[in-house]
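Encoded as C-alpha cells, the structure appears first; notes follow it.
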C-alpha cells in the first residue's frame, strides 16, 4: 500500500465554493473520567483529516473541559456510570443527530465493556446512514454482527484475539487470514494494526502496509488513527479507502516526527498536525 496506490482513490473534492457541510460532519463518542484525552485526540485528528464539522459526545463531567480544549467543536455531555464512563442510556441524547452526521467514531477512552456494548448497539441502530468507526471497547459490539451498515473495526492483535476468541499467537502468526476472516464474519472493513498492518474487506480483498515506525507504539496513537479514519469517512470516502488513507497518513506523520525529533519520544498529540500537509503532498504528486 503506497501513495501511488492511494491516488487511485482520490479524496473527495468539495470544490472551492463549498461550505463546511460539504466536507462532512463527524461525531466522536469517546472518553471517560480516567481517559478524557482520548476524545480530544480522536476529535482533533478528524478535523485535521479534513472533516468540516465536529461534534463530541463524552461523559457530562468531562464535556466542559473538552469544549474549552477544542473550541471548533460542539460538545454534548452524556449520562455517566458510577465509574465515570458513558452509560448505556446516554445514547438517547444523540437522537437529534441521527441522519445529520456523515461518520461516527466511537470507543476511544471508553470504560466498562458490557455497558459500552449496549451503548454501541443502540448507537448503530440510530446512525444507520453513517459510516461508523469502532475502536477500543466499542468493538465488543461485534457480537451483534454481522453489521448491516458501513463499519470499520480497528483492533490490534490483542484486541482481535479477545473479539474472535482465537489465541493472540494465532493472530500474530497469520494476521492476513485473521483480518480476512473477521471482515467476512462481521461484514466490516477490518484494520488489523501492528508493525505490519492489514486492511481487509468482507469480499476477501486485502491490503498490506509495512511502513510504520516504532515511535507510533505510544499512548493515544490508536485514538488518533481512529479520528483520522473517521474524518476521511465523513468527507465521503468508502470504508476501505478511508482506512487505507488513514493508515498511510498516520504512519507518514510518525515518520515526519521521527525525522525531526528522533525515532521515539514524540507524542500522539503531535501526529494530527502533520496530516494536512501530508494530504496536500500526496495529492499534489498525483
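Any Cβ shown, glycine's included, is placed from N, Cα and C.
Other C-beta atoms found within 10 angstroms of the C-beta of residue 109 ((6S)-NADPHX binding site) number 27, with every protein chain shown included. For 38, 109, 156, 223, the entry in TrEMBL reads (6S)-NADPHX binding site.
A coil conformation is recorded for residue 196 (AMP binding site) in the three-state DSSP classification, outside any helix or strand. Look at TrEMBL and you will find 193, 194, 195, 196, 197, 222 tagged as AMP binding site.
If you look up TrEMBL, you'll see 3-282 marked as domain 'YjeF C-terminal'.
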Rounded to an integer, what is the Cα-Cα distance in Å between residue 38 ((6S)-NADPHX binding site) and residue 193 (AMP binding site)? 18
Fewest other Cβ within 10 angstroms of its own Cβ, chosen from the binding-site residues 194, 222: 194
With the AMP site defined by the record as 193, 194, 195, 196, 197, 222, how many Å span the farthest pair of C-alpha atoms? 14
Cβ neighbours within the same chain of residue 197 (AMP binding site) - under 8 Å, at least six residues apart: 191, 208, 209, 210, 212, 247
Let me know the model's mean pLDDT on the domain 'YjeF C-terminal' (3-282). 94
So how far apart do the (6S)-NADPHX binders 38, 109, 156, 223 get, largest Cα to Cα in Å? 17
